[in-house]
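Data first, discussion second: the structure below is written as structure tokens.
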Amino acid sequence: MSAKKPLALVILDGYGYREDTASNAIANAKTPVMDALIANNPNTLISASGMDVGLPDGQMGNSEVGHTNIGAGRVVYQDLTRITKSIADGEFAETAALVEAIDSAVKAEKAVHIMGLMSPGGVHSHEDHIYAAVEMAAARGAEKIYLHCFLDGRDTPPRSAENSLQRFQDLFAKLGKGRVASLVGRYYAMDRDNNWDRVQVAYDLLTQAKAEFTAETAVAGLEAAYAREENDEFVKATAIKAEGQEDAIMQDGDAVIFMNYRADRARQITRAFVPAFDGFERAVFPAINFVMLTQYAADIPLAIAFPPASLENTYGEWLSKQGQTQLRISETEKYAHVTFFFNGGIENEFEGEERQLVASPKVATYDMQPEMSSPELTEKMVAAIKSGKYDTIICNYPNADMVGHTGVYEAAEQAIEALDESVGKVVEAIKEVSGQMLITADHGNAEMMIDPETGGVHTAHTNLPVPLIYVGDKAVEFKEGGKLSDLAPTMLSLAGLEIPAEMSGEVLVK
């Protein structure tokens with residue numbers, strides 16, 4: 001069997017590009033290898049943050065999201081952005097599970113109940129999504145629209161719910177129908193530690209309007225809670241109804257839409273609406289059409305508006321189907337990223353996939369050993385390239401990220417210099433076997449070690465672009481405006497392989 005000429009992808013974790021050289025460990029370190037590559041080889045900058053990787057606009061990238069996008073060859077939207085995007089595109093209003101639940105309630109002249117964590121926190125839910133759900137129910141003809149507000153105060157300031165509640169009171173006034181029907185703190189409605197007595201408080205409020213307190217409006221109910229010294233998170237069960245209004249309880253034939261997208265704190269209260277349940281004794285158990293916004297658990301037999309997106313034909317799976325061999329190699333710190341996350345959340349190896357793990361150094365913080373285990377990793381990487389065994393090699397060097405996180409500037413420069421030396425050896429090996437290589441990063445970090453706004457130490461990732469450099473014999477010219485999800489199609493193109501239909505990323509080679 002003839003020796004293979006591998007295509008390598010080297011991911012320099014946390015190696016972003018920033019024009020300003022102030023507190024920029026990447027620009028200021030001595031990097032003869034990278035300098036020569038950028039001077040002489042095809043290169044460009046690509047985006048690794050925000051909507052380009054499926055995160056909210058302007059949000060910095062991270063390693064999990066970066067590797068998932070690289071391996072998928074398509075933008076993988078996180079739940080928050082996926083749902084926000086569906087609202088903007090008009091798809092949300094046509095989501096089958098929501099349409100069916102609302103229409104069945106409207107037809108039977110029943111109520112549509114919408115519940116969820118009412119805040120702009122964006123961790124478990126977003127009030128913009130809840131707003132869209134209320135508008136959708138109204139547009140589809142629901143007359144009774146009841147909003148059950150779980151109050152936040154953890155992912156938002158402790159007393160910040162008033163603006164959100166006022167916003168929805170105004171919406172219902174504009175619609176001329178519907179109302180905020182109940183308030184309760186997330187401490188009760190969103191427990192995740194099997195404190196079923198707390199969950200029962202929320203369940204009884206929803207199904208019986210059983211509440212310690214009542215108020216005529218949501219804002220009045222909140223003010224009363226503050227007067228009792230209850231912050232948002234701990235607001236006791238409060239039924240909202242003005243004089244002459246009926247109780248807004250969940251009854252047979254009603255639709256219930258739970259607008260939290262994060263599963264861990266949505267599971268328990270949801271399980272209380274499933275027949276097989278032993279968390280507490282239910283005084284009533286209405287036959288409702290319950291819709292979960294996302295899948296809270298695989299064993300909850302309820303409708304799901306946004307089922308999990310399964311990633312078919314990721315880069316690793318596709319290579320395996322083509323009978324190709326591949327190696328994933330990194331230090332402990334980023335091993336999961338080049339394996340599990342790169343494979344779209346699949347733990348097991350694909351056929352033809354091998355993995356090599358190099359132990360990260362046992363130090364308290366990596367500024368104490370900025371080169372980390374790059375010499376050992378490089379030795380294994382060079383041996384793998386020269387072995388002739390692999391069609392593709394995916395390697396991650398963690399230094400720029402892990403040392404960047406320490407905030408120690410001198411150590412970050414040393415980390416970049418150690419990386420440069422390693423990259424030089426890998427480039428030599430690739431050239432020796434007439435292979436090809438792309439050098440890139442999953443997000444930025446070490447290019448900004450001082451926060452320009454505050455003047456304090458900057459230890460976080462950045463939302464800056466990352467380099468993409470080609471090493472090899474092909475006459476390559478890169479397109480501008482690429483992003484991480486374009487890397488897999490580009491690599492398949494460089495290897496002369498077909499690109500699967502699921503990969504919507506672009507080939508960045510002209």
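Just so it is clear, glycine is given a Cβ too, placed from its N, Cα and C backbone atoms.
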Binding-site annotation, Swiss-Prot, Mn(2+) 2: partner of Asp13, Asp442, His443 in Ser63, Ser387, Ser493, Ser504
Ser63
Which of His148, His461 does Swiss-Prot put in the same Mn(2+) 1 site as Asp401, His405?
His461
With a radius of 8 angstroms around the mean position of the C-beta atoms of Asp401, His405, His461, what other residues of the same chain does the Mn(2+) 1 site pick up?
Asp13, Gly14, Ser63, Ala400, Met402, Gly404, His443, Asn445, Ala446, Thr459, Ala460
Cα within 10 Å of Asp13 (Mn(2+) 2 binding site) is the criterion; apply it to the binding-site residues Asp155, Ala263, Asp401 and give the hits in sequence order.
Asp401
Collapsed DSSP category at Ser63 (Mn(2+) 2 binding site):
helix
Roughly how many Å lie between the Cα atoms of Asp401 (Mn(2+) 1 binding site) and Asp442 (Mn(2+) 2 binding site), rounded to a whole value?
10
Would you mind sorting out which of Ser63, His443, His461 (the binding-site residues) have a C-alpha within 10 A of the one on Asp155 (substrate binding site)?
none
Identify, among the binding-site residues Asp155, Asp401, Asp442, the residue whose Cβ has the fewest other Cβ atoms within 10 Å in this structure.
Asp155
For the binding-site residues Arg192, Arg265, His405, His443, which Cβ has the most other Cβ atoms within 10 Å, all shown protein chains included?
His443
Looking at the binding-site residues His124, Ala263, Asp442, His443, whose Cα is closest in space to that of His461 (Mn(2+) 1 binding site)?
His443
